[in-house]
Amino acid sequence: MHKLKLHGFNNLTKSLSFCIYDICYAKSQADRDSYIAYIDEQYNANRLTEILSETCSIIGANILNIARQDYDPQGASVTILVSEEPMDPKDVDNTENPGPLPDSVVAHLDKSHICVHTYPESHPGGGICTFRADIEVSTCGVISPLKALNYLIHKLESDIVTMDYRVRGFTRDVNGMKHYIDHEISSIQNYMTEEVQSQYYMMDVNIYQENLFHTKMMLKRFDLNDYLFNATPEQLSEAEKQEITHLLKKEIQEIYYGRNLPTV
């Protein structure tokens, strides 16, 4: 897409929102309570603030304000307001390619925000525990928040990721013509590294004419040892391992497809 000469400020709003899910199996109620306490500590407001502050550093944004809160009995939320440093729009990379990792600082944001909310929970009797984090990066200006995606996926390793990217509003060029998007995009997947793409099954649902893009990701690799809390596979019988594996895979597939599957 050729460079646009705008009349005034770039008024497009670009928002990336995604949910990440982490699944585990905890056999007893005490283990499930311990998992909730563990994940609540691992992703408390202070830790989330560090992650989001690092995100701001990566994309070159100035932090204006931080609001954070831990909740009782569990969960946390952090919202950071950020602003853009002075920059030349011709230096901005809006091409469809993966964003930076922590060692590559190349972007800026405008009057924008980054926020995260966490939701740990457990099945009342089935041993399944899940942790969900909702993250949103919203920008006004020339920069796409998709440049923060690659870092966050690496930072928050997950079993399932669902993402939505949307561009709202319009900006006007010097001739008065309205533009409803200022960069080319065919899929959110194009902003991920090949390494990430190789690790996940992915599915797109895009509405191009509405500038709405949706991608789901489900981890390909399944190792039971990675999903057990306070236990190891060696402590389980073959029948128990098969049953727990079935429960975990069913839970992962249900969350990925967004529907409950029949019990077999």
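Even glycines carry a Cβ here, placed using N, Cα and C.
Marked as pyruvic acid (Ser) by Swiss-Prot on the basis of sequence analysis: SER112. DSSP gives SER112 (pyruvic acid (Ser)) a strand state.
As annotated by Swiss-Prot, active site, schiff-base intermediate with substrate applies to SER112, with the evidence given as sequence analysis. SER112 (pyruvic acid (Ser)) is surrounded by 25 other CB atoms, counting those within 10 A of its CB over all protein chains shown.
Secondary structure at HIS117 (active site, proton acceptor), taken from DSSP and collapsed to helix, strand or coil, is strand. Residues or ranges marked as active site, proton acceptor by Swiss-Prot on the basis of sequence analysis: HIS117.
In the three-state DSSP scheme, CYS140 (active site, proton donor) falls into the strand class. The active site, proton donor annotation in Swiss-Prot covers CYS140, and the record cites sequence analysis as its basis.
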